[in-house]
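Annotated features in Swiss-Prot:
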type    : residues               : note
BINDING : Arg81                  : diphosphate binding site
BINDING : Asp118, Asp123, Asp155 : Mg(2+) 1 binding site
BINDING : Asp123                 : Mg(2+) 2 binding site
Amino acid sequence: MASQYSVRKVGAPYTLEHRVYIEKDGVPVSPFHDIPLYANAEQTILNMVVEIPRWTNAKQEISKEELLNPIKQDTKKGKLRFVRNCFPHKGYLWNYGAFPQTWEDPNSIHPETKAKGDNDPLDVCEIGELVGYTGQVKQVKVLGVMALLDEEETDWKVIVIDVNDPLAPKLNDVEDVERHLPGLIRATNEWFRIYKIPDGKPENQFAFTGECKNKTYAMDVVRECNEAWERLITGKTAPGGVSTTNVTVQHSSSRVAPDQLPPLPPNENLPPAPIDSSIDKWFFISGASA
């Protein structure tokens with residue numbers, strides 16, 4: 001499947017000004033609202049938006065608040081956020097991103113995790129062999145899901161693989177991941193458990209004692225979050241600070257014609273700004289398994 005999507009990069013990476021906009025056939029679109037969740041009629045292949053390529057550290061995410069929801073680097077107290085390297089890991093273990101047209105509703109408490117949603121699109125870990133790029137739209141299939149409890153919020157992590165990956169035909173459920181990629185599920189659990197410790201935070205907790213639930217459970221989570229997004233985009237749920245402006249969702253009162261949007265800055269494709277060498281430091285966490 002050739003991608004219809006391209007990226008427009010504004011500002012230099014690793015700066016507060018950096019934004020990655022998504023365009024479809026040259027028209028700016030929202031990666032949150034305009035890219036369809038499902039890539040085929042059978043709803044077995046899904047679109048994901050890559051925010052953070054594997055082995056990188058910059059914590060980039062779809063901006064919920066900004067017009068057209070560009071991808072930007074997250075900040076804390078005005079400083080750009082980077083995840084630390086917890087031995088033996090380097091940056092993120094997977095191509096990390098989000099499912100479009102999904103939302104973890106902060107007004108809703110999940111009956112099994114007993115925690116509310118985290119007010120973000122659904123997080124996705126793509127485990128294929130190719131390193132993606134920020135703003136890439138991949139076609140993936142769902143394999144399983146973990147439920148991280150992050151500061152008393154449910155933060156689902158859906159495990160997927162690019163349908164074009166050589167291993168994709170062999171991976172159809174979570175037990176196939178363990179069979180063909182032994183250790184990856186355990187390492188994924190460990191990574192999410194410890195990654196905030198170098199920043200002085202406690203280790204994260206999981207629902208289901210850290211178990212990775214199977215594909216059927218994961219697809220139910222995806223559907224629930226898609227339904228929550230439907231309520232958001234149609235105004236049945238108050239958006240809070242979320243920008244719901246879009247150019248394609250016919251039944252949304254926030255839809256605008258592309259020519260009504262303010263012009264975006266031109267594509268710049270600037271070299272990355274220098275980052276502090278401490279980002280490369282390895283942190284050794286007691287209780288982490290090598």
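Backbone N, Cα and C define each Cβ position, glycine as well.
Here the features listed in Swiss-Prot are painted onto the structure.
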residue: Arg81; record: diphosphate binding site; DSSP class: coil
residue: Asp118; record: Mg(2+) 1 binding site; DSSP class: coil
residue: Asp123; record: Mg(2+) 1 binding site; DSSP class: strand
residue: Asp155; record: Mg(2+) 1 binding site; DSSP class: strand
Exercise. Can you grab the distance from Arg81 (diphosphate binding site) over to Asp155 (Mg(2+) 1 binding site)? Cα atoms, rounded to a whole Å.
Key: 19
Quiz item: Cβ within 8 Å of the Mg(2+) 1 site's Cβ centroid: which residues qualify beyond Asp118, Asp123, Asp155?
Solution: Glu104, Gly117, Asp120, Leu122, Leu148, Asp150, Glu153, Thr154, Trp156, Lys157
Quiz item: If one looks at the chain holding Asp118 (Mg(2+) 1 binding site), which residues at least 6 apart in sequence have a CB under 8 angstroms from its CB?
Solution: Glu104, Pro106, Asp150, Glu153, Thr154, Asp155
Quiz item: Taking the Cβ of Asp123 (Mg(2+) 1 binding site) as reference, which residues of that chain separated by at least 6 in sequence fall under 8 Å from it?
Solution: Tyr96, Gly97, Ala98, Asp155, Trp156, Lys157, Val158
